[in-house]
């Protein structure tokens with residue numbers, strides 16, 4: 001991936017730390033709350049000590065009925081709450097019972113967002129303790145529907161909206177955010193939300209959801225997370241004509257106007273929050289995603305989850321699947337449906353790992369990987385008409401027009417879908433994969449569920465139970481001929497929370513491909529024999545915090561090895577360091 005991006009940067013690497021690209025900055029935790037242990041008393045500071053009615057309305061400190069008698073006296077809460085004092089566990093039980101009553105996933109999403117806005121710690125307690133049940137609610141697939149209807153369900157802002165109206169004063173806008181010590185920013189321009197297309201300003205649901213997972217799964221404290229939407233308009237006619245649309249009502253800005261706004265934003269972020277703030281690009285369209293990652297990869301700590309996070313989680317699944325399908329990574333042949341940022345990002349990281357294992361040039365490893373886009377197989381005769389990020393995958397071959405024909409002639413052992421188009425892995429395609437392989441590895445990665453290339457049930461039935469299957473959105477276990485098949489979820493949530501935590505604990509100032517490989521390696525190692533027996537190539541989400549801590553340690557170790565870490569001296573035990581830095585949502589006692 002770095003080799004592709006270096007070409008766009010005229011050969012400059014993320015390891016070339018020139019003085020022009022390094023600055024100091026950022027704000028320390030002046031109140032010491034992050035360093036306090038759970039049993040230490042902390043003061044609920046806002047601008048003064050939060051008390052009474054204002055304390056109950058502050059989600060960061062509100063505990064609802066869990067305020068003790070002593071706290072109710074100390075903070076002027078007498079009469080503002082019913083007399084019962086409840087435990088956090090009882091609150092959690094009550095809320096989960098309430099959420100389970102809803103039949104419509106979007107209702108559950110709204111209920112969770114309401115909880116986040118009134119009681120932050122209880123929100124994260126629910127999410128951490130019930131992660132497998134609630135992850136599809138706050139993240140894919142429900143977050144896709146939430147973004148489509150964001151204008152209708154909008155209640156109060158949960159992040160920063162930076163539009164073309166703010167051009168020339170973005171730094172001032174950043175300073176309007178109440179928190180100063182920001183460690184992770186997730187930003188979108190809403191042009192390519194999941195597989196749903198241009199949702200403009202309503203894409204804010206994605207940064208909000210991602211950062212909820214940064215806290216719940218990776219332990220980055222909520223106050224250090226900042227969701228941002230860059231609003232440059234939308235080309236979605238339906239939204240432009242929707243009376244409830246909350247964004248700019250104009251066609252999407254492009255070219256120099258767009259890049260000038262983004263440059264002002266990136267400059268202001270670094271000026272306000274310093275060198276070590278992670279900026280995660282999310283759901284940008286292909287034509288901007290690669291340009292932004294290439295441009296700012298050498299001057300900022302930037303990460304594109306669609307290109308790099310997806311690549312890392314898929315590589316981990318492929319490496320883990322080798323125990324089930326046999327052979328080494330370089331012995332397999334890969335065929336992708338979809339040659340956008342996700343497809344080419346995954347392909348490049350797989351090629352990089354192959355190259356690392358064989359010591360062969362990456363150009364040789366790429367020859368084992370083939371990509372199909374909307375015009376058919378990417379071959380050398382098409383090279384002049386291809387976008388720059390597709391050109392490395394244009395191999396010598398006769399033109400092939402369809403996926404089915406490509407499966408028949410290329411004879412891949414691994415089929416990966418990142419097209420954003422549902423039901424493209426047809427019965428004929430899966431049968432062709434099965435005829436070529438004893439155990440075909442089929443990954444249908446597109447989100448949300450409606451855009452998945454095939455369902456788990458289709459994959460198992462059409463392959464007669466022989467496929468090793470994983471998907472981007474969750475599917476229930478499938479029974480076929482008396483046997484139950486549980487499919488894995490190739491979910492970026494396995495990678496980015498732990499990856500981000502690793503960058504934070506090491507004080508990393510750049511992201512390098514070797515860090516992505518380190519994250520993949522760590523995730524693949526955490527698949528147990530029991531998981532393999534059930535046909536799974538990913539560990540269960542119930543262990544996600546332990547998984548994230550191990551990924552964080554691996555990523556941090558690589559940052560220190562590459563000379564990109566600034567938090568010195570290096571901790572002796574990085575796993576323990578990661579675990580000790582994780583935010584815990586247990587209520588604190590107030591003095």
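Any Cβ shown, glycine's included, is placed from N, Cα and C.
Nobody curates TrEMBL annotations by hand; they come from automatic prediction.
The domain 'Malic enzyme N-terminal' annotation in TrEMBL covers 116-297.
Per TrEMBL, active site, proton donor is recorded for 139. Around the Cβ of residue 139 (active site, proton donor), a 10 Å sphere holds 27 further Cβ atoms from the protein chains shown.
Here TrEMBL flags 192, 447, 491 as (S)-malate binding site. Note on residue 447 ((S)-malate binding site): other Cβ atoms within 10 Å of its Cβ, all shown chains, come to 24.
TrEMBL lists 210 with the feature active site, proton acceptor. The Cβ of residue 210 (active site, proton acceptor) lies under 8 Å from the Cβ of 139, 186, 227, 280, 282, 305, 496, each of these being in the same chain and 6 or more residues away along the sequence.
Summarising the annotation, TrEMBL assigns domain 'Malic enzyme NAD-binding' to 307-560.
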Surrounding CB atoms that lie within 10 Å of the CB of residue 192 ((S)-malate binding site), all protein chains
24
For residue 491 ((S)-malate binding site), just count the other CB atoms lying within 10 A of its CB, please.
27
